[in-house]
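Participant: Please read through the structure below; I'll follow up with questions.
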Amino acid sequence: MSQARLMDGTALARRIVEETARKAAELTDRTGTAPCLATVLVGEDPASVTYVRMKQNRCRKAGIDSRRVALPAETTTEELVGTLRSLSQDPSVHGILLQHPVGEHIDERAAFEAIAPEKDVDGVTFASFATMSFGLPGFVSCTPGGILRLLDAYDVDLAGKRAVVVGRSAILGKPVGMLLLARDATVTYCHSRTRELSSVVREADVVVAAVGRPRLVRGQDIKPGAVVIDAGYNEGNVGDVDFDSAVERASLITPVPGGVGPMTIATLLEQTVDAAARQLGV
Ligand code: NAP
């Protein structure tokens, strides 16, 4: 069998960001207000600091203002909830991103729930999960939303297909399964207690790996011709799929980096501009 075609998330994300920048400029012209994303960072975890800086740089390039709120590591749940509530009420802020993880001593769910649904451009609240799952207007979780855009861009027909999602986190595994279900895929979730993971994955027409374990999904587990989405990002630019063996069996596969990662930020920027447009009544 020939090698899989690569799903180029970098190129697709670039097109989405260009379109988003065009919409942001138009909105700013019409209303005199630029879309604004507040990024909230608790502590100084180097990876989180880098992610926030990267998101702010991308915002700037797309004509989106960003407001950086940096809180000390010892911030309490109550203080964080207070900050997020006041950003939720601030009319000059249109989207809110709480960078996670936030630290063991903080109730992350309580913090997420302090974000107003209309500003939840990262799609982390209960309300966003529910609207996304029911196919109602709202914001999707960014990485899952980006994955669906990639599948659409490569004309992957999901109806009736067996989709296996490895991972069930609130921000990635669970919501991506819901989006696949909404497209009429038959969805199976796998997790750390799943027995015989390889044999479950082997039945999949579409595999989404969202685990955080380098190269957990191997080529021999991939049904020939399957579509493989690797959302994993581990040290050394390594995904959750063993790319070298999987590329020999799949029909389409995302590279790491350059597959799912850029789509996440593109979705965040797009949803921030959509949030601003709704709040500014345009
Ligand atoms: P997470 O919260 O740690 O969740 C990992 C999931 O994988 C859990 O549901 C866990 O099962 C499951 N799991 C762990 N070991 C397993 C095993 N041996 N077999 C089967 N399932 C197993 O991670 P996450 O936040 O969803 O992130 C997953 C990966 O995606 C990471 O590599 C992360 O860096 C990456 N990521 C990428 C982006 C992006 O923009 N590209 C965004 C977010 C995350 P249990 O539920 O049973 O514990």
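Just so it is clear, glycine is given a Cβ too, placed from its N, Cα and C backbone atoms.
In TrEMBL, annotation is done automatically, which means it is predicted and not curated.
Sharing the features that TrEMBL gives for it:
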| type | residues | note |
| --- | --- | --- |
| DOMAIN | 7-122 | domain 'Tetrahydrofolate dehydrogenase/cyclohydrolase catalytic' |
| DOMAIN | 141-279 | domain 'Tetrahydrofolate dehydrogenase/cyclohydrolase NAD(P)-binding' |
| BINDING | G167, R168, S169 | NADP(+) binding site |
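For the listed features, I'd like the structural context: burial, neighbours, distances.
Facilitator: DSSP classifies R168 (NADP(+) binding site) as coil under the three-state reduction. There are 19 other Cβ atoms within 10 Å of the Cβ belonging to R168 (NADP(+) binding site).
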Participant: Excluding G167, R168, S169, which residues of the same chain place their Cβ within 8 Å of the centroid of the Cβ atoms of the recorded NADP(+) site?
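Facilitator: After dropping the recorded site residues, what remains is V165, V166, A170, L172, G173, K174, Y189, H191, A210, V211.
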Participant: What residues, ordered by sequence, lie under 8 A Cβ-to-Cβ from G167 (NADP(+) binding site) and sit at least six positions away in the same chain?
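Facilitator: In sequence order, the residues whose Cβ lies under 8 Å from that of G167 (NADP(+) binding site) (at least 6 apart) are G173, C190, H191, V208, A209, A210, V211, G212, A231, D240.
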